[in-house]
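A.B. asks: One structure is given below, represented as structure tokens, and several questions about it will come after.
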Amino acid sequence: MFSRNHRSRVTVARGSALEMEFKRGRFRLSLFSDLPEDTELQRKLDHEIRMREGACKLLAACSQREQALEATKSLLVCNSRILSYMGELQRRKEAQVLGKTSRRPSDSGPPAERSPCRGRVCISDLRIPLMWKDTEYFKNKGDLHRWAVFLLLQLGEHIQDTEMILVDRTLTDISFQSNVLFAEAGPDFELRLELYGACVEEEGALTGGPKRLATKLSSSLGRSSGRRVRASLDSAGGSGSSPILLPTPVVGGPRYHLLAHTTLTLAAVQDGFRTHDLTLASHEENPAWLPLYGSVCCRLAAQPLCMTQPTASGTLRVQQAGEMQNWAQVHGVLKGTNLFCYRQPEDADTGEEPLLTIAVNKETRVRAGELDQALGRPFTLSISNQYGDDEVTHTLQTESREALQSWMEALWQLFFDMSQWKQCCDEIMKIETPAPRKPPQALAKQGSLYHEMAIEPLDDIAAVTDILTQREGARLETPPPWLAMFTDQPALPNPCSPASVAPAPDWTHPLPWGRPRTFSLDAVPPDHSPRARSVAPLPPQRSPRTRGLCSKGQPRTWLQSPV
């Protein structure tokens with residue numbers, strides 16, 4: 001039998017040795033209760049479990065390949081986060097039990113070791129070059145094989161991912177535009193990068209098999225026959241029945257494969273672009289295999305908190321240069337590699353220029369000393385820096401011994417952080433805040449442009465006239481005089497349009513586009529009836545040259561049927 005403490009979420013067996021220790025008073029049940037950080041981790045774990053359930057339902061309801069790829073990617077990320085959170089939660093529980101039960105409260109152990117500050121780590125400008133073969137990149141003129149790839153990044157128990165990228169042989173590298181930021185990292189961090197990929201045209205794909213076969217048939221049988229076969233296949237697939245030549249494909253979710261991975265540490269941090277080696281984890285027989293070059297290019301930056309946030313502040317007295325008895329009272333702020341001295345505490349918040357700036361770097365020497373106590377200022381702090389052959393020393397005074405100890409502790413902690421974060425404390429590296437993730441773009445149609453073009457018989461003389469006038473490119477500022485014959489029509493062509501300046505064709509030769517359209521006797525409009533023509537005013541007298549222009553005018557206006 002078990003008794004559960006619902007408040008602390010601890011299960012203790014009745015009659016067990018642990019319960020006997022509780023009764024004897026050696027242990028307290030609160031030692032095994034959840035800490036605030038453990039509660040937050042448990043909340044994240046519950047959230048990812050719900051996200052995984054939603055991803056499974058979404059994957060089962062997907063009807064398009066791109067939707068299935070995104071759902072499978074979300075499912076893989078959720079599973080990775082769940083495993084990471086469970087492992088971290090178990091590790092914290094074990095450390096909590098071992099740390100609090102290994103020694104009794106009366107035991108006096110060694111003081112706690114100094115720990116470095118935390119920081120932020122950001123990776124951006126991720127590029128993975130590809131190495132295509134000549135037969136695949138230059139000589140392959142068939143259908144494009146496509147892959148869907150993304151990066152999974154893990155730092156400690158935190159896992160993030162990039163957007164999904166579609167890759168084919170037209171790309172020379174895989175470029176990820178998003179910046180990935182980890183807000184909680186130590187100087188001993190290990191950032192693991194994993195590249196996952198899935199073939200878009202994988203066997204068992206949701207769509208695409210019958211269409212690819214129809215494309216091949218249309219190209220092999222010819223334009224007319226192939227178009228009829230392709231139309232029959234499309235109609236069969238759209239009506240819900242099975243295609244004529246292929247059975248219904250088996251619906252199954254895509255599968256991502258691990259293609260390559262690498263691990264980046266503090267040594268890889270640099271305020272610039274850098275290349276790192278990749279460990280390939282896939283072979284050429286894998287359907288998701290990509291010709292990776294074996295390296296990844298990125299910018300890895302880090303910002304320790306000691307470089308971006310103040311570590312100590314308080315009232316100080318600074319000795320003026322060359323004056324032993326003249327001390328100026330300032331407000332000191334230790335931030336990054338500088339000790340800023342302001343006239344007033346408000347100046348630090350408003351961004352005013354400091355009165356004095358004292359450098360504090362890895363080469364700085366700090367010494368605490370005491371002057372004559374009769375002067376009333378016994379607690380001093382000396383900061384020395386070497387500038388070439390000269391040594392500059394600034395002497396500071398604190399108000400009490402506790403304030404002096406506080407400043408010394410802050411300075412020693414800063415020196416320890418510099419020794420752990422190394423090159424990250426030379427200067428502040430720029431880190432951009434990641435932009436919100438954009439929704440995934442729909443997959444673009446791929447295939448031959450020849451089969452995607454709708455080629456119809458060119459029996460419309462208006463379409464041919466537009467093509468000819470676009471090639472000529474000439475324009476008329478005013479409409480031609482023969483356009484007055486067609487003023488009774490409801491829609492007139494624009495005189496500035498390219499169609500009004502088409503060259504006059506020679507009607508003595510057969511037309512290359514076939515027989516033009518003619519007027520139908522059954523479809524004469526009311527304004528073109530014989531009665532309307534009998535009362536219409538006669539056109540003005542024209543010269544023979546003008547009459548020639550009327551007879552050889554724009555074919556679009558006098559040959560096109562108004563029906």
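Even glycines carry a Cβ here, placed using N, Cα and C.
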A.B. asks: Test of record reading: of SER30, SER124, SER448, SER534, which one does Swiss-Prot tag as phosphoserine?
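C.D. replies: My reading of Swiss-Prot gives SER30.
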A.B. asks: Between SER242, SER529, which does Swiss-Prot record as phosphoserine?
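C.D. replies: Among SER242, SER529, the residue Swiss-Prot annotates as phosphoserine is SER529.
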A.B. asks: From SER235, SER384, SER520, name the one Swiss-Prot lists as phosphoserine.
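C.D. replies: SER520, according to Swiss-Prot.
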A.B. asks: Pick from ARG14, ARG192, ARG255, ARG343: which does Swiss-Prot describe as omega-N-methylarginine?
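C.D. replies: Comparing ARG14, ARG192, ARG255, ARG343 with the record, Swiss-Prot tags ARG14 as omega-N-methylarginine.
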A.B. asks: Check the candidates SER218, SER232, SER382 against Swiss-Prot and report the one noted as phosphoserine.
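C.D. replies: When Swiss-Prot is consulted, phosphoserine appears for SER232.
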A.B. asks: Of the residues SER115, SER543, give the one that Swiss-Prot describes as phosphoserine.
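C.D. replies: According to Swiss-Prot, the phosphoserine annotation belongs to SER543.
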A.B. asks: Counting each residue once, how many in the domain 'PH' (309-416) are helix, strand and coil under DSSP?
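C.D. replies: Final tally across the stretch: 25 helix, 51 strand, 32 coil.
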